[in-house]
Amino acid sequence: MDPNAVKTELVLILDYGSQYTHLITRRIRSLSVFSLCVSGTSPLKSITDLNPRVVILSGGPHSVHTPDSPSFPAGFTEWAQANGVFVLGVCYGLQLIVQRLGGVVKVGEKQEYGRMEVEVERNTGIFGSKKVEDKQLVWMSHGDEVVKLPEGFEVVARSQQGSVAAIESPARRFYGLQYHPEVTHSPEGMETLRYFLFDICKVSAGWSMENVLDEEIKVIKSTVGAEDHVICALSGGVDSTVAATLVHKAIGDRLHCIFVDNGLLRFKERERVMETFEKDLHLPVTCVDATEQFLSKLKGVVDPETKRKIIGREFICIFDAFAHDLEQKLGRKPTYLVQGTLYPDVIESCPPPGSGRTHSHTIKSHHNVGGLPKDMKLKLIEPLKLLFKDEVRELGRILDVPQGFLKRHPFPGPGLAVRVLGDVTQGNALDILRLVDEIFIQSIKDAGLYDTIWQAFAVFLPVRSVGVQGDQRTHSHVVALRAVTSQDGMTADWYYFEHKFLDDVSRKICNSVRGVNRVVQDITSKPPSTIEWE
């Protein structure tokens, strides 16, 4: 998808490191307005080339007082005003506007964190739909506060402690909110964003997955030559399947799919996935059994990042061999490789603003094929790289991918290698994990919980525990169960199972899987943890 195709209505978020930044992107897209998130320290040209209608400066953990605090590039405010671009600062973004435009921000005498009430002082601009003295609960998260506004700005709302909660300069099209409207803890936050975009900025809502489908087919047809052939690596997950279905719709039989059994798949995954590809999706798929190739290279490896890179290299070797075989068969080399890269993969591969590292959209090393070598012979097609997971599922629905397949929980590119902590080839760790995971997932389905949970899986821990089974002392393995709720994987909360469910699952696992005598549950949210273990 080319952002230039919708650039006249683009809302661009400059990311300054807030854990909520990507929620802004999602919230705006939920209003049928296209939004993108880029580094807050991006060069001015990369911002202006996108020609956004609106720019939102995100929150972040930094203080505008520190010399190395991240900021928008020189010339940004002049460009925005000269081109009629609306700018909204959120939390740190508000303080950045104030500090850069001549106001004063100081360390607050009373820091504000969590839910807090704010009161409207002026029913103009961003609070034009409110009445003076209207109150609302919002989510605050700041230690610094504004003590002097730049020329031409006015306070339009204050917190219950008297701190500046919202500012604006309609003449300059600059607005600011000290709180986070994008989180659910600000109940009226979506109403504020909606009013800002549609009533203040006059943005038109018209972006949809149907638009994305039509646009992507045009892009693929214009990119892939009339005689070019394309390879697609199918993992069995939603992302690569939707990507393959989309490309197949665009170029037909010139797409050649490959499904690799790397020995790191779930219980009967190979048989189940291939049946879906052949019977339901009618995709041309070649299955390659490379179990020995992968596991031999992973023997003795315990570092998770090293595992990912090894798996990535082996995938590339297999794709190159597959491409060579196709060349012999077709009489011409395949030109492109399709990947199901998603927007969160792009975002999460970027160094955090203020880290001192160059911001780039290099895909994180483990995604899909584990990081692509510079000398790779195939060019990339990534038709989903600007979409979130739930948007991909909606696109798949439009493409008639079966609902049962679209609702599958995400599965990592490196497979069970990142769910077996330590050496995946040691003992029978993979066999144990497959059986535990199958019991856990089937129990979730039997309880009618599968569609409620965003992702669930089991983890093999590199520890042994003393237990008693069959009146005998055992020294067996420990497994962990992880289940989270989320919208797009950027943030997540652990799922609250009923005690009876956990009791039943634990008993089934310990009674059915030889070598396991202890089951634990992961009750950590993201952040501070990630969803996967590694």
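Backbone N, Cα and C atoms are what each Cβ position is placed from, and that goes for glycine too.
Quick look at what TrEMBL lists:
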{"type": "BINDING", "residues": "SER235, GLY236, GLY237, VAL238, ASP239, SER240, THR241", "note": "ATP binding site"}
{"type": "DOMAIN", "residues": "207-408", "note": "domain 'GMPS ATP-PPase'"}
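The Cβ of THR241 (ATP binding site) lies under 8 Å from the Cβ of LEU234, PHE277, LEU281, GLY340, GLY396, VAL401, PHE405, each of these being in the same chain and 6 or more residues away along the sequence. Residues SER235, GLY236, GLY237, VAL238, ASP239, SER240, THR241 make up the record's ATP site, and a Cβ search at 8 Å around their centroid adds LEU234, VAL242, ALA243, GLY340, ARG408, PHE411 from the same chain. Around SER240 (ATP binding site), taking its Cβ as the centre, 22 other Cβ atoms fall within 10 Å, counting all chains. Other Cβ atoms within 10 Å of the Cβ of VAL238 (ATP binding site) number 24 in total over all chains. Using a 10 Å Cβ-Cβ cutoff, GLY236 (ATP binding site) registers 22 neighbours. Within its own chain, GLY237 (ATP binding site) has GLY340, ARG408, PRO410, PHE411 as residues 6 or more apart in sequence whose C-beta sits under 8 angstroms from its own.
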